[in-house]
Structure formats: structure tokens, C-alpha cells
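Structure first, commentary second.
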Amino acid sequence: MKFLFSVILVIISFLGISKIVNGQIACPSPFLYRATNDTVGDYDLGYQYINIGKPLPPQLSFLNNCLMPCQSSFFEQDSWNSFNKLVKQMGAVAFTCSAIIMIIYGPLMNRSFFKFDRHTITVFCFALSTFFIGVSDLMFATNDVDMVCPESHRYARQTDKTCATNGVLFQFGWLGSVMWFAFLSIDGFFRASGKKMNKIAFAIVLASIWILNIVLSFAPMGGDQYGAYFVGQVNCWILVKNWQYAFFWAELIVSLAIGFVGICLTIYSLIRKTSDGNTLKHVTPLILVFLLFCQYLYMIIFYGIINEKKDHYQNILAEQVGCIFNNALAKMKVPGIVYAGECTFNETITFSSQYAFLFFVRLLGIEIFAFYLFSKETLLLIKSSYIATMFGLGDKDAYDVELEETD
């Protein structure tokens, strides 16, 4: 962690920096001292202490009251700038891509939408979900870091401006994409095998997914769970890992299981129909579902590691800062302080793993666009759309005829 080397330079430049600066207790830059006896209450307000995690000599006891900066010291500022830039730029692209697919597959252009066409509605719902992720990213782009860091050393909480809204939008979009990915895999199997689904059954599935998504997105507000996490996310999201497991990761695990079954059944159906001239057109959606499966799998592995090792990562950072200051005070011959030897710098979260996580979440909206925009199905939807037929450029039955022939 290169950040810690900058701490060393600060210490050296100030000859070990005293804990008293102009009569005020000071912490090493970029940390900030906060006098408190209620660290738990402060956490609820958004303050994150470095938490040395072990008894300290009196001369160093002030370090337990040092606040972590927002955004956190797990990454250098250049790294955070890269993360923020990725979310802003890629989020805007994903928002636009999702909106285009929503328009084509939604009721504005899709004549089959209100006929409860299973496939087009499923694609629309997935695009709608990634659209909400894009909206949350645009909120971050508009408000910048102030949305997650209302103060230099305080992380946003649900009571802060825009954080609750951003958290709900992100959760709603991300969770929705997960559940509709699962159904997209089942839809692929139905299309590849030629099986049909009762429209009433599909209506029940449609309503159930959206109702469940709404409940799981708004319920965390009852526990004041939305806020800025000091690692993993750039947006506001669910703070406590047990709440994350209950309201997101459990649903993702179930969706991955369904997705895996759907992928296997689709492959099996395609193998059985290798002589069918329509087999190739089912391969592209299968590739999309497989890529989504891999991305969601990476997300759960990454966040699982983060959640399980969060306290460990904090302790590494805290111990390294404590070691540096201990040695600095020892060199100043402060009574009672013993030189602790060379301070080691252990890796916590790599830049590439964090970047990949943020990238994969934003890639969802771009993928649905890339895989469906130029498909034959999309071209038929455009040809049969209200707008195309209004100007005499299309055939209102084009998509339905294709559907009858192949589905």
C-alpha cells in the first residue's frame, strides 16, 4: 500500500510528528483526530476509526481516535480517482445503452409487449434493471464524491442528502438484474427447446420478481442500512454484511444456481437440435447468459472475501500506522517507547480486483445492448414498431410472423 509510504514521509518531514500541534491533538495526515467515547455511535453517523486493535502505550493512545479519510486509505487517491472516473463514464454509457434497449423492447415500440411476449418482456426487464444502476451512477457523477463523503472524514449515511435514494436505486437495479438474469437463462432454454410457457404463469413470475425486488430494496431502509461503504463500492449501498447476505447475496446465489441450470438445459437442447437450421440464433443469447453468470460469480467471490476480511484489512492498516508512529517516537527517545523493528507492509485489496468488480457491474447494461441491438429479433421489432409503420417503413406483423415460425 503505497499510501503508507506517504505517511512515513510525513513523519520524517516532521521528525516523528508530535501528537500535539498548536495545542490540538493531531493524527498523521490524512487521518483526523476526533475526541469521542462512543465509537459505535460515531460509526452510525459515518465516522470510521482506524482501530489499532491492541493495547497502546499512553503516548500512542490517541491513535485509536484517528478517523479514516473518505474515500478510504485502502487505496491511494489516484486509485480512487480511477474508480470514480470508471463509474461516472462507464455508468453514463451503460445508462444510454440500457435506455435504447428499453425503448425498443418496451411498450413504446414493441407491439408484442402487451401480448405478454415472454422473451421481449424479459429482455426489457433486464435492461430496466441496468437502467436503474445507470441512474444511480449518474447521481454520483452529478454530486461527485460529496454524495458518499459529505465531510472529508465522514462517510455518507441514509440520513444524508441523496445517499438513501442512491442506495435504493443501486440495490433495486443490481438485484433486479440478478433475478432477471436467472429468468433470461430459463427463457433461453424455452426458446432453444421450443417449449412454451403459460402466459398466466409468466404473469405470476413477472409480478413476483418485481414485488420481491421492491421489498428487498426498501426493507433495508427500516434498519438504516444504506450508506457509503469504505471499500468495495463507490455508490451508497447496504452497510452491514448480514443485511447484505439477507437482501442481496442470498438472492444472487439462488439466481446463479437457476442460471447454471438454465445454461446446462439450453446447451443440452442445442446439442439435440444440431441439425436444426435455427440452432445458431440461440447461441448468441447463450453466450450472453454465460458471460453474465461469470460476472456475477466474480462479484460474489470478491465481495465475500471483502466482507470476511474487512476487519483484518482494517487491522493491517491500523497496525502499520501504529508501528510507524511507535518507531518515530522511539527515535525521538520518548520515554516508555521501544523501537519495534522494521514495519512490514502487507497487501490488502488489490487495485485490479476492485477495478474489475466496478467494471463488471457497469458492463451489464452495455452487454445487453451489444448482444441484442443488431440481432434479427431487434430489427424485426423495429420494423413492426408503431413508429416504423406510422411512416410506412415497416410491417406491423413482422415480429409476430417470425415468432410463430420459430418459437
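Positions of Cβ are set from backbone N, Cα and C atoms, glycine also.
Note that the structure is predicted; figures quoted are calculated from it, not measured.
Each of HIS153 and ILE382 belongs to a differently named topological domain in Swiss-Prot, hence to opposite sides of the membrane.
The N-linked glycosylation site entry in Swiss-Prot, when matched to the candidates ASN110, ASN346, corresponds to ASN346. The list of residues near the topological domain 'Extracellular' (221-246) in space but at least 6 beyond its ends in sequence, with Cβ under 8 angstroms from a Cβ of it, reads 44, 46, 48, 68, 70-72, 74, 83-84, 87, 136-137, 140, 147-149, 155-160, 163-164, 166-168, 170-171, 302-303, 306-307, 310, 313, 349, 354, 357-358.
The stretch with the most CB contacts under 8 Å to the transmembrane segment (286-306), chosen from 90-110, 121-141, 170-190, 200-220, is 170-190. Using the rule of three or more Cβ pairs under 8 Å, pairs at least 6 apart in sequence, the transmembrane segment (121-141) is not in contact with the transmembrane segment (247-267). Between the transmembrane segment (170-190) and the stretches 90-110, 200-220, 247-267, it is 247-267 that has the most C-beta pairs under 8 angstroms.
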